[in-house]
Amino acid sequence: MPNYINYPSWLHPEVIQGIPITWYSLSYIFIILISYKFIWYQIQSDRIDIKKEDYETFMFSLVLGAILGGRLASTLVYDKSGIYYSHPWLIFLPFDQNWNFTGFRGMAIHGGFLGAIIAPLIIINTKLKNTNVKKYFLKLTDYGSIAFSSGYILGRLANFANAELYGRVMKGGIIFPNAEPFDTNTPGVKEFASSIGLEILPHDLLINLPRIPSQLIEGFFEGPVTCMLLWFLFRKIKKYDGFIFGIYVMLYAFFRFFIEYLREPDKDLGFIINYKPIKSLSEFSFLNISMGQILSLVLMFSGLIWVVVTKKIADKKIKNNTNLAYKN
């Protein structure tokens, strides 16, 4: 009996084949809408005095920063073809070098995090300098963390629809049509194929093997699980504004770091720290570290710094308010 699952033949990157509207693009639209609605609902629920037009300006900067940051990180850090260095305008255009429409398929969330902080910081210190958006900025980051994590899984489902970001070889896994095939002469390949019921014919030089659906695992833990932890646990123990955002960054980085062990390293990059070169299907090492894991460690440390800094800001406000009350 076959011990693998074939990728659904009816599933395609486009919502309707032949029409350039992709699940990936729709996932971003829905995540933005969910975040916009949720954050505004929280503002109204907590009776925070922020004008709608100021909030929309803030959200525009946040979305723009996230997209630019994610796009820059994907094209300049992960892509090693050199196409974006020789044709930098392609970074911000939904076309390839031959002007075929592709949409914005390459995004890296680590860069998105950075852009989603830098762009709003710029706008609240310029256009929104004298508004309550600046006053409640840290509170808004907390709202945004819960909002984004609630819709995050949509992006990973879109990755699955694209048959991309799949995991390593596993019995009972899914045979992704776009996965890189293995040379049948690689040690362990024929034995593995035979053990799961895949037939290798004498003339077959390459074979596609089942993979871990790591994009779905990432989506589950970095999305719903993280969101529930933020909402039901950390929201209740929150002592100051900015705390939840810092915790969210650390939670995301924590889950991402360990789930990366299940994920196939990026083809162009491989392992950044290649302690033990992999020569067969059965070999594995926790000391082989990918780019995603390195960036996740940086992100985790950044989240910790955010928690510490925002705690000091909160303590300073309490001290100033106490001194003011004492003087009065």
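Positions of Cβ are set from backbone N, Cα and C atoms, glycine also.
Feature annotation from Swiss-Prot assigns transmembrane segment to 15-35 (among others).
Tertiary neighbourhood of the transmembrane segment (58-78): same-chain residues 28, 32, 35-36, 39, 84-85, 90-92, 104, 106-120, 122-124, 128, 133, 140, 144, 266, 268-269, 291, selected by CB-CB distance under 8 Å and a gap of 6+ residues from either end. Under the heading transmembrane segment, Swiss-Prot lists 58-78 (among others).
As annotated by Swiss-Prot, transmembrane segment applies to 106-126 (among others), with the evidence given as sequence analysis.
The transmembrane segment annotation in Swiss-Prot covers 242-262 (among others), and the record cites sequence analysis as its basis.
Within the chain carrying the transmembrane segment (289-309), a Cβ under 8 angstroms from the stretch's Cβ atoms is held by residues 77-78, 108, 110, 113, 242-243, 245-250, 252-254, 256-257, 260, 263, 265-266, 269-273, 275, all 6 or more beyond its ends. Annotation source Swiss-Prot lists transmembrane segment at 289-309 (among others).
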Quickly jot the same-chain residues contacting the transmembrane segment (15-35) by Cβ under 8 Å, restricted to those at least six beyond its ends, or write none.
59, 63, 67, 101, 103-105, 144, 147-148, 150-152, 154-155, 157-159, 161-162
